[in-house]
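Enquirer: Submitted below is the structure of interest, expressed as structure tokens.
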């Protein structure tokens, strides 16, 4: 039983539905109706040392990763971040660690204009839980449901950065003697992923569904397909990659790290499709509407496929069918 099955079996219907709940659990955020034209998006994420970040990671980095991975859920709903609560479990009180953590947190709270309004501290294994709250005003929030046959499938910015950067933070690239600048770029991609709030705000009027890419593009796109009752056909040749990920793929293509002997392009595809931790948006929208938006303003979004009637996710490379690997993206308890 993975984390999604666990939630569905034990927690999906455990409570009554109370007045004011516009959308309960099962999406990136819950939605609470504040006013007729205003909803609050609420989500919580937990990071555990040794699971979500390496043991001994810099406290400043941990704080920023914890906040950004939580805020990414708000971006998926086209919500504007407002408030944060923090539950911090520490093995011991360490003033140097806490100072670094709070400075990293302070920088990103100001960067994303969020107020820390409360939380809790306790002793135990290092664990950080961040609850985020944002507001959607004067337009409907984006959800995973709503994709329509014929819609284009898009991703924001670039994909594959999460899996690429994980190799760096786990220390697997040390033998390659990569340039310091590349290693620093990979660290930044892992601990400070670029969030897609600007993209969400630009496209909310035309998007029909959206999700943040945390578990892998294929896995997260399946969530949209399930919620919307549709399928997806993705052209892997259209996946957008960062220069950093491209440089890393070239750097490890002919090394022992590439045990499957994949080409650099195939490595990039694997990272994007199944790696996760990108915290970009995957969204659906009429392709012509997105094209019109791009005429009006720069929009960091790339079409990678189309919504189809046949259920499931299909992959192809410019028309050549590819096998979807039996990988569900990252899930706990499996």
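The backbone N, Cα and C atoms fix where each Cβ goes, glycine too.
Source: prediction; values computed, not measured.
In case it helps, TrEMBL gives these features for our protein:
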type	residues	note
DOMAIN	26-136	domain 'PurM-like N-terminal'
BINDING	28, 43, 73	Mg(2+) 4 binding site
BINDING	28, 73, 212	Mg(2+) 3 binding site
BINDING	45, 73	Mg(2+) 2 binding site
BINDING	45, 120	Mg(2+) 1 binding site
BINDING	52, 277, 330	substrate binding site
BINDING	119, 120, 144, 214	ATP binding site
DOMAIN	148-315	domain 'PurM-like C-terminal'
BINDING	215	Mg(2+) 5 binding site
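Give me the local environment of each listed feature.
Expert: Counting residue by residue with DSSP, the domain 'PurM-like N-terminal' (26-136) contains 35 helix, 49 strand, 27 coil.
Counted within 10 Å of its Cβ, the other Cβ atoms near residue 73 (Mg(2+) 4 binding site) come to 24, all protein chains included.
Cβ environment of residue 28 (Mg(2+) 4 binding site): 43, 73, 74, 76, 77, 144, 211, 212 lie under 8 Å away, each six or more residues apart in the same chain.
Long-range Cβ neighbours of residue 120 (Mg(2+) 1 binding site) (same chain, at least 6 residues apart, Cβ-Cβ under 8 Å): 86, 87, 88.
Within 10 Å of the C-beta atom of residue 277 (substrate binding site) sit 24 other C-beta atoms, taking all shown protein chains into account. Residue 277 (substrate binding site) falls within neither a helix nor a strand when secondary structure is assigned with DSSP, and so counts as coil.
There are 24 other Cβ atoms within 10 Å of the Cβ belonging to residue 215 (Mg(2+) 5 binding site).
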Enquirer: Looking at the binding-site residues 45, 52, 215, 277, which has the shortest Cα distance to residue 119 (ATP binding site)?
Expert: 45
Enquirer: Restricting to the binding-site residues 45, 52, 277, which ones have a CA within 10 Å of the CA of residue 215 (Mg(2+) 5 binding site)?
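Expert: Neighbours among binding-site residues, in sequence order: 277.
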Enquirer: Restricting the comparison to the binding-site residues 45, 52, 277, which residue's C-alpha is spatially nearest the C-alpha of residue 214 (ATP binding site)?
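Expert: That would be 277, nearest by Cα distance.
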